[in-house]
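Trainee: First the structure, then my questions, so here it is.
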């Protein structure tokens, strides 16, 4: 038996480690596969994130510089001499894909930094995805202009494109590198690491399996109209000589003068209702852990958790439409383990 007395340092370490349900925080962190950082860790004193110039990262600054050069060069002629040639702004609608769409992408990148609550998506594409598409399409269009110039050179021995087309093409290639290939580059990729995970847009999610359409119920056959035999029968037929005129009517047919039996309607058994119930009905739900309820764009609106019941106004299978106490309505995409009330 060890009679060694605890030292003051060991007492201080034991008191500094809070326990949860008989287990220490260190044990809880080790079970989760992570190590809890120390309270006086120097990493907490410095914010983590990409370095940049002001509110913009290095990648965004470089992309803005590439766009600015391309925008200035676009005012020089792409065909003919300077002063009398045709610029991209005067060659039909070629400016839309060559310089217009990249300008919109750079504007949205700047707006995202200066106004975080502004536009966050273009359709189902994020801002960075839209920028990748914009610069890729612009590079292809400038390449097609160069290809047309080489075709003209082969036919008439005249290269009609100017140096502007070459500069614009290589600038847009640089934009492709800064958007499409930036996540895999060592320094520029820091702009994409450590970002907050959000729910994907409904258009960007995996497609659901296609199910066969249910068969329509067979329609009841209508009775065929009788032939011309009934039409040939006269409206009034005289009785035969040997048939009594005052013959009583069949007992199975009620007399029109007799009063109807009221109990036949009052005590009639109700017919089963074939109508299907409503597709959705409001109910209360309790989430086992705190989860984000997002809007149509995937931005968090509020959270639901195990401390309070949430009102679900519609069940869409893999998604709940949840209404907050203040009237806000959002979508809960993670419905696993939710208890219905």
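Backbone N, Cα and C atoms are what each Cβ position is placed from, and that goes for glycine too.
Just so you know, TrEMBL annotations are computer predictions that nobody has curated.
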Trainee: Labelled transmembrane segment by TrEMBL, one stretch among 88-110, 203-225. Can you tell me which?
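Mentor: Per TrEMBL, the stretch marked transmembrane segment is 88-110.
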Trainee: Between the candidate ranges 20-41, 130-151, where does TrEMBL place the transmembrane segment annotation?
Mentor: 130-151
Trainee: Residues sitting near the transmembrane segment (61-82): Cβ under 8 Å, six or more positions beyond its termini, same chain?
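Mentor: Sequence-remote neighbours of the transmembrane segment (61-82) are 52-53, 88-89, 91, 95, 98-99, 102-103, 106, 109-110, 131, 145, 160-162, 164-165, 167-168, 171-172, 174-175, 178-179, 188.
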